[in-house]
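Taken verbatim from Swiss-Prot:
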- H76, G117, H118, S119, G149, A150, N177, Y285, E366: thiamine diphosphate binding site (BINDING)
- D148, N177: Mg(2+) binding site (BINDING)
Amino acid sequence: MQNYPLLSLINSPEDLRLLSKEQLPQICQELRAYLLESVSQSSGHLASGLGTVELTVALHYVYKTPFDQLIWDVGHQAYPHKILTGRRDQMSTIRQKNGIHPFPWREESEFDVLSVGHSSTSISAGLGIAVAAQRENAGRKTVCVIGDGAITAGMAFEAMNHAGALHTDMLVILNDNEMSISENVGALNNHLARLLTGSFYSSIREGGKKILSGMPPIKEFVKKTEEHVKGFVSPVGTMFEQLGFNYIGPIDGHNIEELISTLKNMRALKGPQFLHIMTKKGKGYAPAEKDPIGFHGVPKFDHLSGQLPKSNTTPTYSKIFGDWLCEMAENDPKLIGITPAMREGSGMVEFSNRFPQQYFDVAIAEQHAVTFAAGLAIGGYKPVVAIYSTFLQRAYDQVIHDVAIQNLPVLFAIDRAGVVGADGQTHQGAFDISFLRCIPNMVIMTPSDENECRQMLYTGYKLNQPAAVRYPRGNAIGVELTPLTMLALGKSNLIREGEKIAILNFGTLLPTAINVAEKLNATVIDMRFVKPIDVERIHQIAQTHDLIVTLEENVIQGGAGSAVAEVLHSQQHQTKLLQLGLPDFFIPQGTQQEILADLHLDEAGIETQIKNFL
């Protein structure tokens with residue numbers, strides 16, 4: 001820590017608050033450098049945290065955390081917060097097995113008020129926390145930090161609408177890094193922020209409300225005048241004022257002096273407050289400033305050269321999907337690709353560039369994405385919703401009410417299904433088979449490799465009903481891609497014929513299943529379809545084998561193995577059944593290989609489980 005003389009002294013925000021304001025720019029400089037060095041050595045989210053260094057320092061300097069409660073939305077930007085709150089020396093373990101969590105996590109630190117991972121939850125939770133504090137007369141302050149992407153979600157506006165109606169004391173900070181700081185985010189805005197948050201103005205504002213409450217015409221005139229003063233700098237503020245917030249900003253989110261001055265003033269204000277700050281994602285590191293998307297989440301890399309390592313030569317499943325989408329769009333103008341703000345992650349960059357009229361990024365709005373797709377289907381188009389398994393959970397009612405009940409031809413391309421890895425509990429794709437399987441009209445497919453994935457996407461697209469194809473995070477296995485053809489619905493493939501034991505595989509654990517079967521002389525069936533399931537095959541296997549083993553990367557409860565159990569029960573088979581899958585707890589972070597080994601779903605673990613069962 002010799003390169004970080006001030007930062008090495010900071011083991012908690014209390015230490016930070018002992019520094020003079022004149023020392024804070026140096027702390028920001030050291031914090032940014034330390035963040036870059038640690039993430040480049042461990043992997044993780046980089047660009048967002050680089051952009052929130054000054055804000056993080058200012059918040060912990062002004063607010064008495066953890067007594068005052070600071071809530072980070074999503075948590076990508078919370079790495080500086082972790083460094084300042086006693087976890088500096090553990091940053092090298094972030095996102096690793098048994099290491100510190102990639103997002104704020106309640107079990108990890110008293111400074112992490114809310115466990116997060118999905119976006120747009122901070123204001124709702126913050127309002128609940130603020131109401132609880134107000135009822136207890138605790139005297140603590142509540143601050144929510146939310147990004148310009150997360151605030152587009154309906155949940156954020158629902159919470160602000162409620163907060164405005166309750167007039168609860170809380171502060172929402174919008175970290176706006178969508179554009180670089182323009183000239184109007186300078187002296188005039190900073191001066192106006194000081195004016196509008198100052199005690200003189202706020203006392204006149206609140207006192208004037210009481211005096212003028214019985215004089216509506218004058219009250220309305222004063223309100224309009226105030227709005228025009230604020231709107232002179234930021235017309236967007238009027239929208240938040242209409243929700244019942246006192247809007248301040250935008251101000252420079254990298255000016256530590258102005259941030260502290262504004263926050264000190266706002267801490268004393270009553271009612272819901274909204275501070276709009278402008279930051280630059282990747283601030284202070286030229287490669288990340290130039291490519292904030294590429295440096296959003298990074299593997300280990302050389303931060304001196306700024307070069308990210310090249311990926312595996314085998315394409316990812318996301319790229320397989322993106323290539324399939326382009327191939328289909330070349331011949332079908334009715335295809336519409338939809339993503340809820342995950343263009344890069346879902347492999348849709350090329351599609352969005354080549355077919356912009358057939359591409360929609362609906363922002364962080366999963367519910368809207370699904371019902372928007374339903375509307376397109378009603379209008380005669382063929383929508384494909386590309387969505388991570390963990391985010392599809394957020395649109396469950398829309399899948400049922402707006403797609404399945406009407407039996408509309410919407411294809412769900414479910415990325416990151418199964419064990420995802422380093423992002424931990426909030427991002428594992430553990431539940432989609434279970435929550436989709438119980439929905440009438442839904443077809444569910446589980447490809448075992450990239451060619452199967454393409455064929456299943458094609459099959460689902462050609463069906464005149466809802467369909468889902470789930471595929472994992474990571475690289476495919478390198479099989480040959482064959483021309484697209486429709487698959488027979490609900491039909492499985494015999495991969496290996498053995499005796500006594502039959503492994504019924506659902507998904508990309510097939511190579512592992514084959515290796516286990518070689519040792520046990522077991523039959524292997526690639527089931528392919530969870531729904532409709534191959535009842536005939538299950539019946540035949542049950543008659544000729546002593547033990548059926550189901551294998552899936554989904555929770556055991558309600559999963560594909562449960563579907564097999566239901567078939568066996570309905571046909572009154574007495575064949576033994578061993579269901580292997582994800583257990584009944586939230587799966588923590590680690591590499592995919594580490595997690596599968598811990599869950600006994602690697603080759604050795606599966607073999608041991610079968611032998612123990614016998």
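Cβ coordinates are placed from backbone N, Cα and C, and glycine is handled just like the others.
On the structure: features taken from Swiss-Prot.
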residue: H76; record: thiamine diphosphate binding site; DSSP class: helix
residue: H118; record: thiamine diphosphate binding site; DSSP class: coil
residue: D148; record: Mg(2+) binding site; DSSP class: coil
residue: N177; record: thiamine diphosphate binding site; DSSP class: coil
residue: E366; record: thiamine diphosphate binding site; DSSP class: helix
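Whole-number maximum of the Cα to Cα distances across the thiamine diphosphate-binding residues H76, G117, H118, S119, G149, A150, N177, Y285, E366: 32 angstrom. Note on H76 (thiamine diphosphate binding site): other Cβ atoms within 10 Å of its Cβ, all shown chains, come to 26. The Cβ neighbour count for H118 (thiamine diphosphate binding site), using a 10 Å radius over every protein chain in view, is 20. Under 8 Å, Cβ to Cβ, and six or more positions away along its own chain, G149 (thiamine diphosphate binding site) finds S119, A341, A363, I364.
Among the binding-site residues H76, N177, E366, the ones whose Cα sits within 10 Å of the Cα of D148 (Mg(2+) binding site) are N177. Counting neighbouring Cβ atoms within 10 Å of each of the binding-site residues (D148, E366), the lowest count belongs to D148. For N177 (thiamine diphosphate binding site), applying a Cβ distance below 8 Å and a minimum sequence separation of six or more within one chain yields S48, G51, G147, D148, M278, T279, K280, K281, P292.
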